[in-house]
Every structure is written in structure tokens, then in C-alpha cells.
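So TrEMBL lists the following for this protein:
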type     : residues : note
TRANSMEM : 9-29     : transmembrane segment
TRANSMEM : 41-62    : transmembrane segment
TRANSMEM : 83-106   : transmembrane segment
TRANSMEM : 112-132  : transmembrane segment
TRANSMEM : 153-171  : transmembrane segment
TRANSMEM : 183-209  : transmembrane segment
Amino acid sequence: MREVEIRRLLAANLLCALSIVLTAVVPSFFLEGFTVLGTHLTWLCVCSVCVGSLNVILHLVLKPSQSPKRSSFAQKISRFLKCCIYFFMSCILFHAIIVLYGAPLIESVTETFLFAVLLSTFTTLQCLCILGPNIQAWIRVFSKNGAMSIWESSLQITTVCSILGAWFGAFPIPLDWDRPWQVWPISCSLGATFGYVAGLIIAPLWIHWNRKQLTYKSR
């Protein structure tokens, strides 16, 4: 396995992690009273847009899943539209799942949907960038030993860490601590964010540590 590819993955992941840190700091210079907890909905929007845009840019620059076949302009437009539809469907699906797990059905609809957008940015958008709108490829990657590149292994780790982080973030909500960060969906979105950042850091380290065992045979 080439060390250069692992370094590229590490650099890309560190940039994504840095972008999340900047979303908590930079907007306060332009938006009066901006804080992650105090103006949480604004932060959710800023974080989703910044992380999503950076992921798309990194994908276009690094081209981790470049296909040997050249596609026409019409095919690129069709692929882009499919990606947009898949992302929107992912937001709706996450919203429904979050409600089924106990989020308010009618109250806090905006908060729940923006949290779903954040989760989709951490998970679905990465799948769309690396695998494209190909459900069979998604199923393959998230099956046992299904990854065929270090980018797909990183995708597995960051996706699982994001979802687990959001799930663990829900534990403090019902406790009677009466803390500002217990308001829905702050703890869940922060948990998902910390999980995503942890996945970004863990993925290249785990791949580097296990590089001799990871052969990635094409299928």
C-alpha cells in the first residue's frame, strides 16, 4: 500500500477536522452573538455547508475514486442531479429515524431536520463523493471486508463514528441536570460532530497500522 495515498487521506481528513473547528470560531467575527450553544441552529447550517463544500472540493481535487471511463457532460449532470436527490432523501430518512427514536414529531421540526442534514453531511455526502449514487456500491462498502481502497475504509470508520456519536449524544438529554447543552438537539449534534472528527483522525492511523493486512483486491 502506498504511503503517499495514506498521507493524502490524512491531509484531507485533517482539513475536514480543521474546518469544523473553524466553523465554531470564524462566524463569531461576522455574526454578532454567535456561539455554538447559543445560536446552535445557525452553527448547524454553517457546519453543514462548510464541511459539505470542503468534502466536494477535496473529492474534485484528490479524485480518490476516479473512473477510467470518461463521462459526457450529460452524464455528469445526471450524476449531479441524482446525488442531490439522494442527499435530500437521506435528510428525510434521517429525520424520520430520529423522530422514531424519540425526537419531537411536531415541535422542534426545524431543529430535527437541521440535525438530519448535519448527519447526512457527515455520512451520505461522503458516500456520494467517493461512491457516487450507486446503492450497490454502498452496500458493498458497508458489508464485511467490502472496502476496496483506503478511502472506502475511511468512509466506513467516519460514518460509523458519526452515527455512534449522535446516538451516545442522546443519553444526557433526559437527565435532570438542567444544562444549556441538553436542549434538543445540541448534545446529539455535538456527539455526531465529535464522532465524525474522531473518525477522521482514527481512520488514517488505523489504516497505517494495518496497512500490511489491507490488500484491497478489486472485485
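Keep in mind that glycine also has a Cβ here, set from the backbone N, Cα and C atoms.
Note that the structure is a prediction, hence the values are computed from the model and not measured.
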Give the one range among 9-29, 41-62, 83-106, 153-171, 183-209 whose Cβ atoms make the most pairs under 8 Å with those of the transmembrane segment (112-132).
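Looking at each of 9-29, 41-62, 83-106, 153-171, 183-209 in turn, the most contacts to the transmembrane segment (112-132) are made by 83-106.
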Could you tell me what the rest of the chain brings near the transmembrane segment (41-62), counting residues at least six beyond its ends with Cβ under 8 Å?
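Distant Cβ neighbours of the transmembrane segment (41-62) are 8, 12, 15-16, 19-20, 22-24, 27, 31, 34-35, 110-111, 114-115, 117-118, 121-122, 125-126, 129-130, 189, 193.
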By Cβ distance under 8 Å, which residues at least 6 away from the ends of the transmembrane segment (9-29) in the same chain are close to it?
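Those are 35-36, 42-43, 46-47, 50-51, 54-55, 58, 62, 64, 150-151, 154, 158, 193, 196-197, 200-201, 203-204, 207, in sequence order.
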